[in-house]
Amino acid sequence: MTDFQETLSSVSKRFLELYRSKILSQWRGTNGSSEEEKRFNSLIQQNGFARQIFGLYKSLCFRYENDAWYSVVLDILDLDLIYSNVDKAVQDNNASDIEYQDYLVKELLRYFKRDFFSWCNKPNCSKCGTDEHLEWVGTDRANSEEAKYQCGNVEVYRCTLTGDITRFPRYNDPIKLLQTRTGRCGEWCNVFTLILKSFGLNARYIWNKEDHVWCEYYSPNLKRWVHLDCCEQSFDEPHIYSKNWNKKMSYVLAFSNDIVADVSGRYILQNNLPRNAISENELNFMCTYLTKTLRKDFNDDQIYALACRDEQERLSLEKTKPSKDTSTTTLTGTKGRESGSTAWKQQRGEDGS
């Protein structure tokens, strides 16, 4: 190594040390300060959307951090089939070791949609066995049995053929949903997020203010967060909502055990709804404050690594033009949403019209 190369290496190393020190100072310096805490408390008292974000944080950020649940998932799924299909795909595509997780996630999407979970427009009548004659009656509170499984509300239907009443509890307990194996996008995303975590994958829950949810997974191969929608068996197609579905959206937020982030820029390219539920400055503060809270017990190496990952994502989200998109979204693919009945999709504005 020449003297110049040694000097350059030394300067580079020193620069990285200073940058690391600056990052750690930013994260540690004001974390939990009385000023930030006071601002946060004031914000959630005065702003309804801020309270909603805080509620989602409490509900979602640690929901899937449960080793006992992981064991239940792995006992239920057909692991032989899953890994056999992954190995075949890896071999057929001559994939490298670092690509293995991507192929695993793609197979989990396929298996979950095609072999494991089912979509429920309406439940089947317990007497005649079909949903053909069911008509909507209304909603009801969960009974004592249903309430055991975090049931928010119950849809009630009456069969015009038999007269029987059928209840459809909207469970939020993912372990209960592993038994029922049916639902709509909320139930699907809930269980699939747990499945991703059970396989040791770095996954997070994505919430859209206009009533849709999906997942993201951090790909070691692609070195970025990848969009996943188990309802559509969709891998890395973040613009299917605004483009293929023609869905109107305002806010899209990510929740995991180490971050709360506004990822709207990844998903909203057209049909933008007004973002007036909270100021951009206050939304950024909310996300940063909650993320710092999640990371308060992390060591310096973890804080620095995550901060670098965050910065990489921030830069990518600034590239909102389609020409700069690195995803594989099928902009000329199927128009409208695949999952759900035609009437339901039209009602939600997700049929591509």
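Cβ atoms here come from the backbone N, Cα and C positions, even for glycine.
Note that the structure is a prediction, hence the values are computed from the model and not measured.
Annotated active site, nucleophile per Swiss-Prot: C185, in sequence order, evidence recorded as similarity to another entry. The active site annotation in Swiss-Prot covers H212, D229. Here Swiss-Prot flags C125, C128, C159 as Zn(2+) binding site. According to Swiss-Prot, the feature substrate binding site maps to E232, an assignment based on similarity to another entry. The compositional bias 'Low complexity' annotation in Swiss-Prot covers 325-334. Summarising the annotation, Swiss-Prot assigns region 'Disordered' to 316-353.
Structure with Swiss-Prot features highlighted.
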residue	record	Cβ within 10 Å
C125	Zn(2+) binding site	22
C128	Zn(2+) binding site	15
C159	Zn(2+) binding site	20
C185	active site, nucleophile	22
H212	active site	22
D229	active site	26
E232	substrate binding site	21
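Among the recorded positions C125, C128, C159, H212, D229, the ones whose Cα sits within 10 Å of the Cα of the residue listed as 'active site, nucleophile' are H212, D229.
C185 (active site, nucleophile) falls within a helical segment according to DSSP. Taken residue by residue with DSSP, the residue listed as 'substrate binding site' is part of neither helix nor strand, so it is coil.
A distance of 12 Å separates the Cα atom of the residue listed as 'substrate binding site' from that of H212 (active site). In sequence order, N124, S126, K127, G129, T130, D131, E132, H133, L134, L161, T162, D164, T166 are the same-chain residues whose CB sits within 8 A of the CB centroid of C125, C128, C159, the residues recorded for Zn(2+) being left out. For C128 (Zn(2+) binding site) paired with H212 (active site), the C-alpha to C-alpha distance reads 32 Å. When the alpha carbons of H212 (active site) and C159 (Zn(2+) binding site) are compared, the span between them is 29 angstrom. Taken residue by residue with DSSP, C125 (Zn(2+) binding site) is part of neither helix nor strand, so it is coil. With respect to their backbone Cα atoms, D229 (active site) and C125 (Zn(2+) binding site) stand 29 Å from each other.
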